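Visitor: The transmembrane segment annotation in TrEMBL covers 17-36, 56-74, 86-105, 167-188, 248-267, 279-299, 311-330, 336-360, 372-395.
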Amino acid sequence: MATVDGSDAPDKLKGKYAAMIVCWLLGIGCLFSWNSMLTIEDYYVYIFPHYHPSRVLTLVYQPFALGTMAVLAYNEAKINTRLRNLSGYALFFLSTLMVLVLDLATSGKGGIGTFIGVCAISGAFGVADAHVQGGMVGDLSFMQPVFIQSFLAAFDNSQDGLRKGAILFFALCTIFELFCVLLYAYIFPKLDIVKHYRSKAASEGSKTVSADLAAGGIQTSLKPEAQEDPKQLERLSNKELLLQNIDYAIDMFLIYVLTLSIFPGFLSEDTGKHSLGGWYALVLIAMYNVCDLIGRYIPLLKFLKLESRKGLMIAILSRFLLIPAFYFTAKYGDQGWMILLTSLLGLTNGYLTVCVLTSAPKGYKGPEQNALGNLLVLFLLGGIFAGVTLDWLWLIGKGW
């Protein structure tokens, strides 16, 4: 078994592009299960016409995600990252499988019992998401920023809305989630560049990567200077990290408060009737996803990456002008303007998310970067929860 002290130069290590591909696939696995329920929401609207599934399922999902993430972020330094991420992907797999089983068992019929079952599975997705999203972002925070970009760049897009399409889609999702479990367990930890960064984090005092290093065939050894001076293994507490990066945390919260107050509930239910008919909501969601993906890769061009803390806050606050823009466009504008606004919403969401998550960890030790990544994801989930709650305000005056 090899021994690495984390001092090798990362540019000499192989596997950077393989790691980017693996991160992208793992990101797809993180989003596939839950977002697949949003993507085929026209199927759920069809079988649950009176329960507002596009809003209710998100509202059920978020407390489980936020509560679990809060517990995991608080205990981050004591948690085995490998076990955490594998548990999350395994739960994604089982939850996706249960959606498929429930639909087949009920023959695609609606009703309150079936809807409660779907809501319970939505809660399980929330628990799984807290395990994987926080664990992976924390893990990748002490590696190269491009790994986080690849992980966050995953998105899904399906236009199959009725039962046969839904069954096929969830069957594919189930298989893909199992693939992600195997990918994280046996491929990702063995990439040279991943082993380097995890060894470096371990040499700086991180205890969360030991199982991942063992899976990669590595025993860690402390740097001589760290053995002589134990203070080098000390790290800032979560409270200290949060106070030093409170603006980044607020950034993450505000990005997703705005996005989830509009997407997907408003876009799927409150945009009126247009010439595209039933395809209109699908086109809007597809445009959001595509532009969100593009936005997450824009920061690869360094001259387009926004790193100023003040600049990020100004850009994020300016996005709130989209709320009146969407309101008046839905009331008076045509579908072209709505598609343009939706594209802008997705583009800025992806761009600003990556800018914050890749800028915040700079200058910290590996264990601190891991902890900070978890804290930022906690505020991200808090923003999502607040956003889907505020999304209901669009229904005021609509008689529900």
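For all residues, glycine too, the Cβ spot is worked out from N, Cα and C.
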Visitor: Within this structure, do the transmembrane segment (311-330) and the transmembrane segment (372-395) have 3 or more Cβ pairs under 8 angstroms, counting pairs 6 or more apart in sequence?
Guide: no
Visitor: Using a Cβ cut-off of under 8 Å, list the residues of the same chain at least 6 residues beyond the transmembrane segment (311-330) that approach it.
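Guide: Same-chain residues near the transmembrane segment (311-330) but 6 or more away: 247-248, 250-251, 254-255, 258, 261-262, 266, 270-272, 337-338, 341, 344-345, 348, 352, 355-356, 359.
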Visitor: Given pairs 6 or more apart, does the transmembrane segment (336-360) have at least three Cβ pairs under 8 Å with the transmembrane segment (167-188)?
Guide: no
